[in-house]
Amino acid sequence: MAVSARPARAPRGSDKVKKDKAAQTSGPRQGSRMGKLLGFEWTDVSSWERLVTLLNRPTDPAGLAVFRFLFGLMMVLDIPQERGLSSLDRRYLDGLEVCRFPLLDALQPLPLDWMYLIYTIMFLGALGMMLGLCYRISCVLFLLPYWYVFLLDKTSWNNHSYLYGLLAFQLTFVDAHHYWSVDGLLRARKRNAHVPLWNYAVLRGQIFIVYFIAGIKKLDADWVEGYSMEYLSRHWLFSPFKLVLSEEMTSLLVVHWCGLLLDLSAGFLLFFDASRPIGFVFVSYFHCMNSQLFSIGMFPYVMLASSPLFCSPEWPRKLVAHCPKKLQELLPLRTAPQPSTSCMYKRSRARGSQKPGLRHKLSTAFTLLYLLEQLFLPYSHFLTQGYNNWTNGLYGYSWDMMVHSRSHQHVKITYRDGRTGELGYLNPGVFTQSRRWKDHADMLKQYATCLSRLLPKYNVTEPQIYFDIWVSINDRFQQRIFDPRVDIVQAAWSPFQRTPWLQPLLMDLSPWRTKLQEIKSSLDNHTEVVFIADFPGLHLENFVSEDLGNTSIQLLQGEVTVELVAEQKNQTLQEGEKMQLPAGEYHKVYTVSSSPSCYMYIYVNTTEVALEQDLAYLQELKEKVENGSETGPLPPELQPLLEGEVKGGPEPTPLVQTFLRRQQRLQEIERRRNAPFHERLVRFLLRKLFIFRRSFLMTCISLRNLAFGRPSLEQLAQEVTYANLRPFEPAGEPSPVNTDSSNPNPPEPDSHPVHSEF
């Protein structure tokens, strides 16, 4: 009887809600200035109970459901691509000797077939989230594997991958399946039911924080002065701006200053009704540009999908109302939402106001605590000082997007046998699948610990590991980031204490960047320069390649002593002095001043210059023959210039072969550049089709292995070969080079010295 009585009261509540729909779902009834501007009155937040009532106000679920669908779709597309399902066998091949970088050392990947199962669960969770099918379960099925894979590899961390995990976490708790969902079709109580306002507030707050904190981080002096993304203005997307601005001013005004202003203002522009159309234009243009400028996967499209969250929640119904009637039958409902137990409704004066329950209070507390935590985390680096390097914290949760750009000039890994004292050198990055360990003390410690476990297999006992890593950040001098005299295996490191073997960034030398740019611009096209800064008491050992026939070193600041190893000669340089360095030999540069030294290498690759001259001569000769100005016969070894390589014909010289390969490359680039849009679209779709095809086939193979056991190695090899086929590519289309950073067979340690060469 009690169960049957409940539905009997529902229609009366439903009728009341429909009558007061405008008042309950669109904000305050009174058209006060604050109500029109913010959507609520000051009295709505004047007490805890009123705040609970506000955040649990019934709201149209339509806009939330559209975001749920689009976000789920983006994750379905993201898993085979940026999450790495298509290349999972290269990263987690069973028996692969590789150093990994999880957040916690206890986190380790499962066997390969089980990793495919984890990814399958994540994919099905994203699909269920998109469709609103078993919604809560689907969100959990996506969320748990996603964070497991995310925490498994710090080298792949970035801001947008972190954001995906946060959005999925929020969607797990909100009622995004109350509209346009399979759950709504199966359960009448969920179909087209109100959602509380906090569902929108927490998502809007998250997106607002992403924009605004990113803008605050861009107030960094390097960004404001235009050093962070200095070379971005060379991209063709900025060509319209360069019609009226120089490349330098385009970089400063458009890339840096406009990027700063957009991030600071985007959240506000989207929040207020009057400015929202302007915000939509700028934000959409910004993310469309980013999709072409950077390889950041689904991030621009996720941010585009999040923008309508700031619109009136019923915007999808208004859009459906403008569609043809026949099409409306296939689209989401237009009818008014039904009541939901998740919301608090205003009642008549006689009955009094609805009292907030425990559920409503907990949801309000969750919203406030979550947003406060998100405001705190980007500035929590004073707690996790072990992750602070030249930039604060692990790259990923600080929203300091694109603020810091790095270049690495020199990386040397030295090992010492703890028993014999024998020295040796390792190829930088051996036993790894990433290069990001170079900039982070925590990853360097993990790498050194891993090497100390692996090197005994190569007859190196009790190994000591030393790293000499030179980095330039935002066009500063190349300088050491870690102390090369410290054995990192035994070095102390804690996530909550400052890393003692981290070298400071020489901020006092930042004003030199203007002078360095002037020096670069004064050099001709064939002359290169590298700017170095080093600490007192340290030295740089370097090797000048035989190709660099004209190399010199010039001191800019401090005092150094240059040792020519082969000649056993030393020469001390004062500020402004320079000396020639012999090619094909080692030298050492000692900083003997009490302050850091600054110097530069100036060099010309004479071999490359000679090659360019020879290739230019062959190009000129080919053009003369083709236009008839060259009447004499070509020597047999130069005939391929006109006819290409012919089987059975004369063997072209290495120079001619190089010329022909370059011509072929240039022709291919020109062909692709001038290809019609439909051809480029087909090529793009075929690449994506291969990624999804390989992901599907490799997943099927692994799930079969788990269910029925692994077949013979011969059969597995045939199946993987079939998965690697590109059957849909047009004939003659070259397969793209595998740019996957993972290497299933990393090289063994090299016992020969490895030094940087210019």
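Positions of Cβ are set from backbone N, Cα and C atoms, glycine also.
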Among Cys343, Cys450, Cys598, cysteine joined to Cys99 by disulfide in Swiss-Prot:
Cys450
Same membrane side per Swiss-Prot: Leu103 vs Ser695:
yes
Can you work out which residues elsewhere in the same chain, 6+ from the ends of the topological domain 'Lumenal' (82-113), have a Cβ less than 8 Å from its Cβ atoms?
119, 122-123, 146, 148-149, 151-156, 161, 297-298, 431-434, 437, 443, 446-447, 450-451, 454, 691-692, 694-695, 698-699, 702-703, 705-706, 710, 720, 740, 742-744, 746
What's the number of neighbouring CB atoms sitting within 10 A of the CB on Cys450 (disulfide bond)?
21
Once near-sequence residues are set aside, which residues in the chain of Cys99 (disulfide bond), 6 or more away, have Cβ atoms under 8 Å from its Cβ?
Phe431, Thr432, Gln446, Tyr447, Cys450, Leu451, Leu454
